[in-house]
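Please read the structure below before turning to the comments.
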Amino acid sequence: MSSYENHQALDGLTLGKSTDYRDNYDVSLLQGVPRSLNRDPLGLTADNLPFHGADIWTLYELSWLNSQGLPQVAVGHVELDYTSVNLIESKSFKLYLNSFNQTRFDTWETVRQTLERDLRACAQGNVSVRLHRLDELEGQPVAHFHGACIDDQDISIDNYQFTTDYLQHAVSGEKQVEETLVSHLLKSNCLITHQPDWGSIQIQYRGRKIDREKLLRYLVSFRHHNEFHEQCVERIFNDILRFCQPETLSIYARYTRRGGLDINPWRSNTDFVPATGRLARQ
């Protein structure tokens, strides 16, 4: 359970409540969640963040009417900057996108600009939006995370409660290594509804070698943990940086789709360019 799970800032969210679906444009449906909710307990403030990054969203269920009333469909790519005051709550994002369904827009660019303007206002930060026609995406191969997968270990696990204990004394030797580790066993739960969130995670670092068994046990300990995707990624970054003290660190997670949206946050303190291809479970 997160320390801020019952925070008053979450009281007004539609998440976890019965809601009506609207099919005419309504920007009021968008809701933000302050990033400070999870950053404050981690000792992170806007002027001392140890990372840069973004939350990458893929919008698979985006449709509207053109000026003649003919339905249009697109796949959207949204990048929400890590410096924004708020993250975007995903159910409200879905409801907001549904409100485009019976709304007429003159051009695709008008749709893109509308999305960008509204998301920036809700997040109180920088947002970029791209729209793709379906034929631009057809035939794209399923991507994979580059790196060594740490999942196939012959170990017994019986603790699924979140703890950073596994990261204590998780590095060994004085030699500096540079490696990329991958796990597909990341599972946490929605902060509000406690529905499961499934993800794959890529951890790229340079520093003293991290024990792979301890790292995997740490990741598995998220299994009963309740936080949003973005918050989990920042927690993982902060914990590894604190306990393992790598010189450079990049964390990138790609989560499975829900409600026509997938969320793929990344955080890094070095040069890092996230690959945006969908993984096998996306």
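Just so you know, the numbers here start at 1 and follow the chain as drawn.
Glycine residues also receive a Cβ, built from the backbone N, Cα and C atoms like all the rest.
Feature annotations, courtesy of Swiss-Prot:
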- Ile88, Glu89, Ser90, His229, Glu230: substrate binding site (BINDING)
- Ser90, Lys91, Arg258, Gly259: NADPH binding site (BINDING)
- Cys190: active site, thioimide intermediate (ACT_SITE)
- Asp197: active site, proton donor (ACT_SITE)
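Each of the recorded positions Ile88, Cys190 was scored by the other Cβ atoms within 10 Å of its Cβ; the lowest score goes to Cys190. For Lys91 (NADPH binding site), the count of additional Cβ atoms within 10 Å of its Cβ stands at 21 [all protein chains shown]. Looking only at the binding-site residues Glu89, Ser90, Lys91, His229, Gly259, the one with its C-alpha closest to the residue listed as 'active site, thioimide intermediate' is His229. Taking every protein chain shown into account, His229, Arg258 are the binding-site residues, and of these the Cβ with the most other Cβ atoms within 10 Å belongs to His229.
Apart from Ser90, Lys91, Arg258, Gly259, the NADPH site neighbourhood in this chain, defined by C-beta within 8 angstroms of the site C-beta centre, holds Phe93, Lys94, Gly260, Leu261.
Per the record's binding annotation for NADPH, residues Ser90, Lys91, Arg258, Gly259 show a top Cα-Cα distance of 9 Å.
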